[in-house]
Amino acid sequence: MIKSPASTNNSLVVRATLASLPHGKSTLPDHRSSHKPSGPRFSPSSSILRIPRRILFISLIILILATITKFWSRISLISHHLPSSKALSSTPTMSTYSKELEVAELAVQRAALLTKKVFHEKAKGTISKDDKSPVTIGDFGAQALIIQAIKKNFPDDEVVGEEEASTLRQDHKLRDEIWALVEGTKLTNADAEKVLGGPIESVDAMLNAIDAGNSAGGGKGRIWALDPIDGTKGFLRGGQYAVCLALMVDGDVKVGVLGCPNLPVDDSAPLAADAGVDQTDSEGKGVLFSAVLGQGATSRPLGIAGLAKSQPIHMKPVKDITQATFCESVEAGHSSHGDQSAIAAKLNISKPSVRMDSQAKYASIARGAGDIYLRLPVSATYQEKIWDHAAGDLIVREAGGQVTDSLGRRLDFSKGRTLAENKGVVAAPAAVHGQVLAVVMEVLYKK
């Protein structure tokens, strides 16, 4: 049997202790009879009995300490090879999705430039939403730019998008109008454009990029959820809209980015009651919100070149829920204003809700400008689209909030193109989410 170095050292300690004692002598009191028969006064079997108790005690302590040291070193070695708590919770590090985040942020920023151009050149004064409306032009153009960047960098990834190009393949006038916008939209920073894979090469490449947003979604693989213009009515009225992009891996959202051209850059600015209308993207407006699972959420000004400096964002602590700022959709057809008003009343929230379109509501509460966002179903059969919630859901959760449906279930993005297993959305700071949810359930399920 091969002895470990620690075992050998322990033996040497005892031997050295024994060797230091004079043979045949002891400091212990001699209680033996003086008439003991003569014979050898020392033998190996009796020598330990002659060791002073103090030396025995010291030797025992040394043995114990040596044993502890040996096993502690082994435990340390094992723990060194175990994954960290982040790995055990399957939370990726920032480096895991750093490229995806950069591509998503730059792609959304470039697409937001196109939507601004469409608004200023074509959308002012427009109230309709027919097939050739500014919204359609912006939707097609932004989707083409974003999917092209995704496919250049991650060719095997799928994309769930709203649009498909069959209309454009028939309507050449509309196609050419969109192509002119797409071809003319570039970031002014050459390195940023290089990250995105450069410009789209041709009209056919643009159409193919739009059609690549045809994924059925699901719970397997890498899938991007894209809404090129979320909040079409807000876009047309110069109110709030968002360019939304999220990466899901096996149904779990890992990266989320929201471009909100008409939100104020200042994260500390309170959410004004008129935030949903007449907020054109003049100077001081336009924010890019981002999050990576397990890494927190950030905001930065939307730009025209590379990415501006970001700063972390956090939901505002709600000390008195009666003073909370309540956010909801502008359109009553999207969310039940009556139920939401009843919930606010039960929470003793007296100030009027702030109504705005798009996932700008998620972004606003994530940075503390608002507190509670409710989107309650107006129909028992309606299913929310994943692209309307994926990015905002992650950004709020990473900012310290909690997002569930009206039954308290996490939003499930693994069921295809819709949130088929969820009804409604309840988003609030984690500390008060349970209180809000309890009132939501009371109002909805006593009807």
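Positions of Cβ are set from backbone N, Cα and C atoms, glycine also.
Where the annotation comes from TrEMBL, it is an automatic prediction and has not been curated.
Not measured: the values here are computed from a predicted model.
Among the candidates ASP339, ASP371, ASP388, the residue that TrEMBL annotates alongside GLU162, ASP227, ILE229, ASP230 as binding Mg(2+) is ASP388. In this structure, the binding-site residues ASP227, ASP230, ASP388 were compared by how many other Cβ atoms lie within 10 Å of their Cβ, and the smallest count belongs to ASP388. The Cβ of ILE229 (Mg(2+) binding site) lies under 8 Å from the Cβ of THR115, VAL135, GLY138, ASP139, ALA142, PHE235, TYR241, ALA242, VAL243, each of these being in the same chain and 6 or more residues away along the sequence.
According to its DSSP assignment, ASP227 (Mg(2+) binding site) is in a strand.
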